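Enquirer: Provided herewith is a single structure, encoded as structure tokens, for subsequent inquiry.
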């Protein structure tokens with residue numbers, strides 16, 4: 001037998017095993033769907049962290065005993081779990097508050113508003129949408145609403161909340177999904193005498209599942225009246241993080257405004273350079289390709305949204321100005337050929353990150369491996 005024939009036979013066996021794997025995958029997903037039905041019936045969150053950790057630890061040990069890479073098995077299982085979380089959505093979720101007969105989402109045809117509309121419908125709540133062309137009939141849309149959720153662009157949020165004022169009754173819950181919280185929360189408390197809740201989903205509308213996602217909670221008024229909504233969101237798999245509006249907005253200056261500005265500036269700078277993007281990609285290491293992907297991803301989205309996030313408040317500009325100063329400071333190391341100064345600064349930053357440095361190194365290594373797997377050619 002020639003080596004090509006031997007290779008063909010081995011590949012044929014591998015193909016056969018792959019087909020068996022597909023059947024096993026299908027069986028596992030079917031079992032997961034049954035789990036989803038049970039969770040739906042009993043109102044259990046789709047994400048159970050303790051179960052996930054215990055299962056992964058057990059499978060890693062079993063893999064090592066079998067002489068298989070534990071990381072390989074964990075990678076496969078995590079991909080399965082991600083698929084499983086998305087599949088569990090199709091069975092819907094338990095209705096936490098059966099006394100809620102009408103929820104109105106202002107801006108519910110938008111991306112994020114539409115996402116919450118789908119999840120709330122899947123949880124058994126009747127949903128009505130008030131869109132920008134509907135204000136002439138706002139009274140009828142908002143009549144008898146139990147909950148009103150505002151999900152509009154940042155620059156329209158305060159105006160929209162003000163326009164709702166004539167239609168709000170004390171028994172209603174008024175909430176918003178805006179990525180800034182201090183001014184919207186204050187405006188809701190001003191126009192409404194009933195329950196008020198500020199929410200900030202820390203994810204985009206393109207997620208496949210809310211499992212492991214974070215939703216920030218900023219209390220407004222009468223929290224006992226909206227605990228059911230927070231519990232509902234947790235059943236979807238999300239984690240609720242509680243903070244106050246001022247602290248939230250301060251943190252968002254760094255999490256959103258500074259990061260988005262830096263990404264925008266990097267993209268703007270690259271676009272002005274005498275380079276060919278295709279050539280950069282062909283020569284890229286996995287980490288640089290991932291960085292390029294993060295930059296390019298920004299420019300595939302809504303420019304108005306990012307303009308609003310970056311320009312939202314004066315604190316953002318002040319912090320961005322300090323970034324400019326830090327760039328100038330860092331540049332002096334190289335202008336002065338100050339190698340030791342650079343090394344000293346490097347070590348100071350490493351000390352600031354502390355143990356997170358090693359944690360981020362491990363996490364980024366996994367991301368880079370996945371990014372390299374997706375590389376074409």
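Counting begins at 1 with the first residue displayed.
Glycine is no exception: its Cβ is also placed from the backbone N, Cα and C atoms.
When I checked Swiss-Prot for this same protein, it listed these features:
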- 1-92: domain 'Chorismate mutase' (DOMAIN)
- 101-364: domain 'Prephenate/arogenate dehydrogenase' (DOMAIN)
Enquirer: Could you break down the residues of the domain 'Chorismate mutase' (1-92) into DSSP helix, strand and coil, giving a count for each?
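Expert: Once the DSSP states are binned, the domain 'Chorismate mutase' (1-92) shows 79 helix, 0 strand, 13 coil.
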Enquirer: So what pLDDT does the domain 'Prephenate/arogenate dehydrogenase' (101-364) average out to?
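Expert: The predicted confidence over the domain 'Prephenate/arogenate dehydrogenase' (101-364), as a mean pLDDT, is 95.
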